[in-house]
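S.K.: Take this structure first; my questions come after.
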Amino acid sequence: MFKPLLSAELFFNWTAKDFKDKTSFLKQACRVLQDKNCIKEEQIALTALKEREAQITTGIMSKLALPHMQSATVLKPFVAVFKVNNVDWQSLDNQPVKLIFLIGVPKDQGNLHLEFISQFSKLMLQDEFANKVPNIRSFNGLINLIDSFQQTAVASQPVVNEAAAQTEEPKDTNTQYDFVAVTACPTGIAHTFMAKEALEKFARDHNLKVKVETQGTDGIQNQLTESDLNNTKGIILACDRLIDLTRFYGHANVVEVSTTKAIKTPQTVYDQVVKKEGKLLGNKSSDSASQTELKETTEQLSFKDFHKRIYRAILSGVSYMLPFVVFGGILIAIAFLIDINNAGNAGKQFGSKDPIANWFKTLGGLSFGLIVPILSAYIAFALVGRQGLLPGFIVGLISAGKFLLNIDIVTGKIDWATESKVSSGFFGAIFGGLLAAVLIIVQQRYIYRKLPQALQGIKNILFIPLLGTLVTAALFWVINIPLIYLNYGLSKFLQIMDKPYLAPLLGLVIGLMMCFDLGGPVNKAAYVFGVVSLESQNSGTVAMASAILSGMVPPLGIAIAATIRKQCFDKEELPAAYACYVMGLSFISEGAIPFVAKRPKIMLAANLIGGAVCGVLTGAFALTIRAPHGGVFVFALLKTNLEGIAGNTLQIGAGVGLALLALIVSSFISAGIIIGHNLLVVRKKTKQLVNTNA
């Protein structure tokens, strides 16, 4: 059972302490757990626990809380028990907490925390246990209470629940469950199992035959079969997160509630099943399109919180786009490297004069040419599901200039029937993806809503893909005109910023952004801006060079600091710190994330200062690069446009040398800040020790 996780050493009576809220408790608890060698870093543990609490409270009623974490900072599995005096935990029943079980499991170990929560949930659903456990005052009292009620629980386990717990299909296909259920919460831990136990206890108390599936961090357990779904009076989905609804399509009386409601009022939930207040999910049409419309929920196909979803949709589109950028960009970089002998005389044909180089450049160009359509398609997909893919991709192709309508930017003359030679680029992709999503929602909610039932089956395979995409493309064809001018303006802006007197400022901004959150939205925005500059100018740019070189600084600074002064890091961190040489040289900024998470203040300062210096030097040296990724492996594609350096070969050679200089200087500055901070900390501790001994 779960008792081996409990120990007298980790039982704390803190009734004399006063905590204004759960955050103040967690801070002190993490400090004690670090002293007990349960965790490595109290700040990381505190962050993990606070993030879990932000999803849904772990105050489970009966004046108990089960905060938990699975983190690399946990050294060994543990359950620490804290007896406290009425801590406000924002619990499900709005009652203050008197007893706290704080659970920690290492990142790479099993699911002991799940077993504890599952077993403890069963005990908590016994009213007498729930009433007694908050009042225990000692470790032995807790163990004795658990022992007595575990024996009771085993002795009273009903046969009907054993049958319900079987995953195989019933032998008698006419035998019905009173209800079947699925439970799932954002973390897949406490509330998932609490809801399961609450529903099963309710069934036992009322002599009902049930089966409950859990979708937790250990995967799907006790999975419902098609036979189970066909032989039940109702289906309860007690879920706080999105799950795959496909297998429930065509089944009636589906009741959707939160895990909290299932835990607190299972009677009310069951009454909904009895009164047949559940709904019919989807339909059981044989059309494959109807059967595969999973995750396109009512909320998704509506304008509810649409403005809040736009930001996440754009980031989602960027994440789908990046593999095309990296693949295409690196192949183009390889083409330039193969064709390096022709760098001095190939002119605009550089990278394609050699047949093999031309093969790589053409293939890379195919991938690179898809980044705008992919971005648009997956922005629409993130907002409305797969119905947004087709119109999103089409408007993305129009944005990329793959359709009719050519504009003379200077005169403003429009030729509607000529193949386009201009594009709206990323502006068109973002606006087009949003437009496609909006029109899909309008069609689903307001136009095709009242179609006869006989036509509903072909709505999603004919009306929306055909007519909807035609309308979207026609509207965007016209709307795209101002977006083309906007993209042209960006191109001109980038050309201005590449000038010697402004390039350092551009490098400074991009350098700071690249090193701010290391793979987060600010970092991605800076990187995408660099990619946009390549797409807009069709040549190497200062923006792209600044993004790549600055993004290499954080991991390199860490590696250099570890090499010069090992004491800057814990012994177990040193291998990862040395590995940052490879990470940094490969332009993988995320290699620095574990170190930033552990020492956020000093590491962020070192990263930002190092990145800013690198960006300024990149701009001052007028460095440009044609590849969007690759780190040191694409340095041969660097050039400098400094005055006085003429000729392609000399520009490349000087560009590589100046880039190495900028990278080395900024990385050593970053490392120096880390080392300096460590020396100050050691000096401060030494001084305190001397004063104490004195």
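Using the three backbone atoms N, Cα and C, a Cβ is placed for every residue, glycine included.
Below are the features listed in Swiss-Prot for this protein:
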| type | residues | note |
| --- | --- | --- |
| ACT_SITE | C185 | active site, phosphocysteine intermediate |
| DOMAIN | 4-149 | domain 'PTS EIIA type-2' |
| DOMAIN | 179-275 | domain 'PTS EIIB type-2' |
| MOD_RES | H68 | phosphohistidine |
| MOD_RES | C185 | phosphocysteine |
S.K.: Count the residues of the domain 'PTS EIIA type-2' (4-149) that DSSP assigns to helix (H, G, I), to strand (E, B) and to coil, and report the three numbers in that order.
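M.R.: Secondary-structure composition of the domain 'PTS EIIA type-2' (4-149): 63 helix, 39 strand, 44 coil.
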S.K.: For a three-state summary based on DSSP, what are the helix, strand and coil counts in the domain 'PTS EIIB type-2' (179-275)?
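M.R.: Computed counts for the domain 'PTS EIIB type-2' (179-275) are 39 helix, 26 strand, 32 coil.
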S.K.: Between H68 (phosphohistidine) and C185 (active site, phosphocysteine intermediate), how far is it from one CA atom to the other, in Å?
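M.R.: That separation, Cα to Cα, works out to 14 Å.
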S.K.: If you average pLDDT over the domain 'PTS EIIB type-2' (179-275), what do you get?
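M.R.: Per the prediction, mean pLDDT sits at 85 for the domain 'PTS EIIB type-2' (179-275).
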S.K.: Within 10 Å of the Cβ of C185 (active site, phosphocysteine intermediate), how many other Cβ atoms can be counted across all chains shown?
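M.R.: Result for C185 (active site, phosphocysteine intermediate): 25 other Cβ atoms within 10 Å.
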